Amino acid sequence: MISPCSPPLEPPVPPPETPASQALSIPLPPLPLNLPELAFPPSSFQASVPPPPPLPPPPRTTGFAPPHVFGLEKSQLLKEALERAGPAPGSREDVKRLLKLHKDRFRSDLQWILFCADLPSLIQEGPQCGLVALWMAGTLLAPPGGTPLERLVQVAMERGYTAQGEMFSVADMGRLAQEALGCQAEVLCGGLGGPNRDHVLQHIVAGHPLLIPYDEDFNHEPCQRRGHKAHWAVSAGVLLGVQHVPSLGYSEDPELPGLFHPVPGTPHQPPSLPEEGSPGAVYLLAKQGKSWHHQLWDYDQVRDSNLQLTDFSPSRAADGREYVVPAGGVRAGLCGQALLLRPQDSSH
């Protein structure tokens, strides 16, 4: 997460071997007191005694337990709970479920066009949300097979972008993406609104991913906490409310009347983008590292959350852990910024 992150686990130090002089011994059973009454002589009795059982393993040394990793237990519990809930749904099925769930939010005076690239899900280990979001985006950018998350973590640490997995700089995230994924990276400054808005929407309509820092609410949706809950998400889908759907290259959803999709493999005319002053006309489909599922966020809500990332969390500042924060702090590293990623051979 942009929130504090766990230091990498170190392999536990094996316990020292138990010297032979300290080996445990199992005493033989005591001889009966009245040997003459036995049917066999003492020598025969001793010969019939079975050999002692093997020695038990030496006790574990208690002084070399693995170091405590902040947040790991919580993230493991989250992963186990999500795994018990069942397999992660396919991307398209998950999006369809989400749209059905929220269909009452959509303005009835508009028709809706969905552009959405398939993104896998990955649950973060501790607060590595930015690197997890980059990994998800990388599946649309890197060669088949993608780039392992471990590689992203390794490069980020080697370059000094992170101490524990945290990423407080959009510029550093862009440099990491270029090196580790071999893609184009454009740092967007000045917020997601104004002249940047159409640029962002056209980027997603073209099927390219967008990395967004924002403040995370309890339900993972954007909120405004002045950067104290800074988090990362990736968006590769957008739902546009338009007055008219272009006639070329779109088909209506059979289950959701009024929703249209571009027909795969068919040229389609780009729609007219909703005006910025039109409320409830643009929604981003986003994923982040604490859920298997897509979320549907009002574009203006994301814009406003991204634009107020100004302060480093006081609880992080007091927790005694090391963080890599750029000169100028959270405001300089995250506020009003986002990262647009494209394959290396893509034109703008």
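Backbone N, Cα and C define each Cβ position, glycine as well.
What Swiss-Prot says about this one:
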ACT_SITE  Cys129  active site
COMPBIAS  1-18  compositional bias 'Pro residues'
COMPBIAS  34-48  compositional bias 'Low complexity'
COMPBIAS  49-60  compositional bias 'Pro residues'
MOD_RES   Ser313  phosphoserine
REGION    1-64  region 'Disordered'
REGION    121-241  region 'Peptidase C39-like'
Cβ neighbour count (within 10 Å, all chains shown) around Cys129 (active site): 26
Nearest-integer angstrom distance between the alpha carbons (Cα) of the residue listed as 'phosphoserine' and the residue listed as 'active site': 16
Within the predicted model, mean pLDDT of the region 'Peptidase C39-like' (121-241): 95
Helix-strand-coil residue split for the region 'Peptidase C39-like' (121-241), DSSP-based: 43 helix, 26 strand, 52 coil
Packing count at Ser313 (phosphoserine) (other Cβ atoms within 10 Å of its Cβ): 19
